[in-house]
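The domain 'MtN3/slv 1' annotation in Swiss-Prot covers 10-98. Look at Swiss-Prot and you will find 134-219 tagged as domain 'MtN3/slv 2'. Swiss-Prot lists 70 with the feature N-linked glycosylation site. Annotated topological domain 'Extracellular' per Swiss-Prot: 1-8, 65-75, 127-132, in sequence order. What Swiss-Prot lists as topological domain 'Cytoplasmic' is 30-43, 97-105, 154-167, 212-252. According to Swiss-Prot, the transmembrane segment annotation covers 9-29, 44-64, 76-96, 106-126, 133-153, 168-188, 191-211.
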């Protein structure tokens, strides 16, 4: 009874951390909307997150799990579905044509695969145990893919020595969410919840370490950019004062 109470408490904390994780890209997409461009941001993590949320929402429902034993899992992933759909929609709206096509080529198979998973688990397996194994195994692979996708951003950080496209809060909440859900899964002896988070934890730690290493380089680059802009403004202003007119555009 006590262990179940602790598990529920950890699940609630996991829900809170996951909510922050799913909501963290809001800052990124505010920037996308403001600039009217997706810049170098990738949509792959959001598509993989959508697939993961679909699977674990289904996993937590009474169709797969026994009763509402995993209600916290289905509730937070249900919210995740709504947020990921919103992010993917915004990304698609502001993305160039080729990236729009790429998003569609990824999203449609994801939705089709989830539909097949739901149908097969409902009609081919007749016990909760078998359904959990089937859906959980697919969810395990999806979670590993989701937690591995930020490694693309990590590689970019190492290459460019800039954390511009790897937001700090996304890395922090990813680590906290993974740690809490790993504990939740272990307390309930549910390896399909605990296992993927064994991978998510070190991935989150790695991102935080990279952020600590390269954040100074990013700040210094921003300062140099500001100084260059300021110096450019001073040169133009001085030219105007001396000549009494704006500088002519450079000829080809």
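Backbone N, Cα and C atoms are what each Cβ position is placed from, and that goes for glycine too.
Cβ environment of residue 70 (N-linked glycosylation site): 59, 60, 188, 190, 193 lie under 8 Å away, each six or more residues apart in the same chain. Sequence-distant residue pairs (6 or more apart) of the transmembrane segment (9-29) and the transmembrane segment (133-153) include fewer than 3 whose Cβ atoms are under 8 Å, leaving the two stretches without contact. Taking DSSP states H, G and I as helix and E and B as strand, the topological domain 'Cytoplasmic' (30-43) has 6 helix, 0 strand, 8 coil.
Long-range Cβ contacts of the topological domain 'Extracellular' (127-132) within its own chain (Cβ-Cβ under 8 Å, at least 6 residues beyond either end) map to 59, 63-66, 121, 192. Beyond the ends of the transmembrane segment (44-64), by six or more residues, the same chain brings 22, 25, 70-75, 77-78, 80-81, 84-85, 87-88, 91, 103, 106-107, 110-111, 113-114, 117-118, 121-122, 128, 131-132, 135-136, 138-139, 142-143, 145-146, 149-150, 152-153, 192 to within a C-beta distance below 8 angstroms of the stretch.
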